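Undergrad: Next up is a structure, given as structure tokens.
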Amino acid sequence: LQELKQSKFGANRTAITEFILLGLVETPELWPVVFIVFLFAYLVTVGGNLSILVAILVEPKLHTPMYFFLGNLSVLDVGCITVTVPSMLARLLSHKHTIPYGACLTQLFFFHLLVGVDCFLLTAMAYDRFLAICQPLTYSTRMSQTVQRILVAVSWALAFTNALTHTVAIATLNFCGPNVINHFYCDLPQLFQLSCSSTQLNELLLFAVGFIMAGIPLAFIITSYAHVAAAVLRIRSAEGRKKAFSTCGSHLTVVGIFYGSGIFNYMRLGSAKLSNKDKGVGVFNTVINPMLNPIIYSLRNPDVQDALWQVLKGKRSLA
């Protein structure tokens, strides 16, 4: 009877207790090169984003809604790369490429949580630019500190719901083998490929929730910037137009990269086989984007540069 219970329990649960992550390259001779490159990228990303955060905290000029959101974005970028890269580096060092089933789902949850918050924060930043340029007289009241905090809290709540939904949905699938993931972290497309259950409902869920998580925010961003473009074009002076567009250019660049790579990664689930291109998109999502964001947004900003220089000279401190 006990054996019957165990077999019945096992039938409803995954038969696989761990996955094998092949990583970026399967050639052992290249592993030291990959380790050095990604360790450098990780340190640069963490250092760059924390520098932005320090600058925002110590420079009164940067105590604005746009930089409040940017500071939150920097925290997310550090979190996003930390969820994926350190574990990959550890596997390269130990030459052990397995990841427990529970750890794989945990990684998937936190990755989608952080990316989801990122998605909504980019939308909040577009709304901020819309208010600042199109409705400057009511900007300070419509984008008060309370509103900023509510927007961030709602972003976290929606992203948490999204990440939990996908993680629970994946947990209902059976994995009977093979257990080899041709990637360097656990994500939905790769796990769908390995499941011996039908993933049709999971894929429909991904598209449906993806529309809410990405489609609606993207439509809101496009609408906001359509109004912004119309308002800027009405400015008579060329210098005024240039200044207004410059405040939006960095944000639009990040939005384009973020949504472009995301659409490529998740909207091709019907393809028979996931290729090495998906690893490249994964690198873009988890490493390149977080590393570029500080450069695109702020390191070329004179106020940020001045704040960091003041900290380095000891004239400003976090205290």
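The backbone N, Cα and C atoms fix where each Cβ goes, and this holds for glycine too.
Sharing the record's features from TrEMBL:
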- 48-297: domain 'G-protein coupled receptors family 1 profile' (DOMAIN)
- 30-58: transmembrane segment (TRANSMEM)
- 67-89: transmembrane segment (TRANSMEM)
- 109-130: transmembrane segment (TRANSMEM)
- 150-173: transmembrane segment (TRANSMEM)
- 204-233: transmembrane segment (TRANSMEM)
Undergrad: Select the range from 30-58, 150-173, 204-233 that forms the most Cβ-Cβ pairs under 8 Å with the transmembrane segment (67-89).
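TA: That would be 30-58.
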Undergrad: What is the average pLDDT across the domain 'G-protein coupled receptors family 1 profile' (48-297)?
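TA: So the average pLDDT across the domain 'G-protein coupled receptors family 1 profile' (48-297) works out to 86.
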